[in-house]
Amino acid sequence: MATSFTKVSGRPTWQQTMLRIKDPEKSIPFYTNLMGMTVIDTLDFPQWGFKLFFLTTLPEGEVYELTPGTQAAHDYMWSIEGTALELTYNYGTEQPSFLGYHPGNQEKDGFGHVAFNTDDVYAACAKLEAEGVTFKKKPDEGRMKGLAFAYDPDEYWVEIVKRGEPNKIPNYFNFSQTMLRIKDPSKSIPFYEALGMVVLRQKNYGDFSNYFLASSPNVDPSVDYSSLSDDEAKGKLSNMFGPVLELTHNHGTENDESFRHYNGNEEGRQGFGHIGFLVDDVYAACDDIRKMGYGFRKEPDGGSMKGLAFAYDPDGYSVEIIRRGGIDFGDKKVEE
């Protein structure tokens, strides 16, 4: 049972969301050419048969001059002030014999979607459709008009959301959210607040509530977000450049002792993998998480990669804890 401990040491910041992909030759162009992201780093592990791609939205006009896979790119990646999308490719999954990953959004699935903001959802969706992208929901379908859900190459849902003010952000798209379903906000919200996140907005609907959390540098320390009206909070949220973590609570699940969400790492349900946080000291941060009453999928000295950990959050999602500045991952580096 979690204690009243309220802060994980070491300046934790949300640094990544990880999804497994079948074929990088399809997924990387989708997120770079269509969604405007940049591959800022790669980690290749031929000894274990997998490769990681890290992408983020850079400010419009910023030229990225580092070569992914080099030590310089590693140094940038593990010190980034922002959040990356980590795409994990296991060698050989692009072959027809591999049937693909589980994209979520079936019964009891925890992972929901990633999202991108844009000035004009209708124009953006027309542009994506012209490039062959298919949709779960187009802007004028369903009850909620003006937003859409596209499919990426692995059929993960990609929400397309309208910004609050046009022309405020020059990028056509910016990576804006990761959505996870939670069982009990009275446990999940304090857990992520302990990891340095701030609730920017809480929106209650008839049978569910959404909580939008952000991490530095997307939090203005001079603003008391809890005192904002919903319109004020929505305005700040919709004009942010960096992403938020959207936690969706379906009312009543907290009262069902047997209820649990699939966390994305179970056999037959693998797709979403984890979210990750940078900290100054992994061991100290893990001690603090342990004091809160939560366990670990991987302790800092467990497994073949020493110095990083995977904690369990209240719903059993994996939360990677990584040292700011990085460690020697044992990857096959690209020459400078």
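Including glycine, each Cβ sits where the backbone N, Cα and C put it.
Heads up, TrEMBL stuff is auto-annotated, nobody curated it.
Look at TrEMBL and you will find 13-163 (among others) tagged as domain 'VOC'.
Annotation comment: TrEMBL describes GLN16, GLU86, HIS113, GLU159 as Zn(2+) binding site. In three-state terms derived from DSSP, GLN16 (Zn(2+) binding site) belongs to an extended strand segment. Counting every protein chain shown, the Cβ of GLN16 (Zn(2+) binding site) has 24 other Cβ atoms within 10 Å.
When secondary structure is read from DSSP and collapsed to three states, GLU159 (Zn(2+) binding site) falls in the strand class. TrEMBL lists GLU159 with the feature active site, proton donor/acceptor.
Annotation comment: TrEMBL describes 174-324 (among others) as domain 'VOC'.
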Residue among the binding-site residues GLU86, GLU159 whose Cβ has the most other Cβ atoms within 10 Å: GLU86
Intrachain C-beta neighbours of HIS113 (Zn(2+) binding site), sequence separation six or more, cut-off 8 angstroms: GLY104, ASN105, PHE149, TYR156, TRP157, VAL158, GLU159, GLN177, THR178, MET179
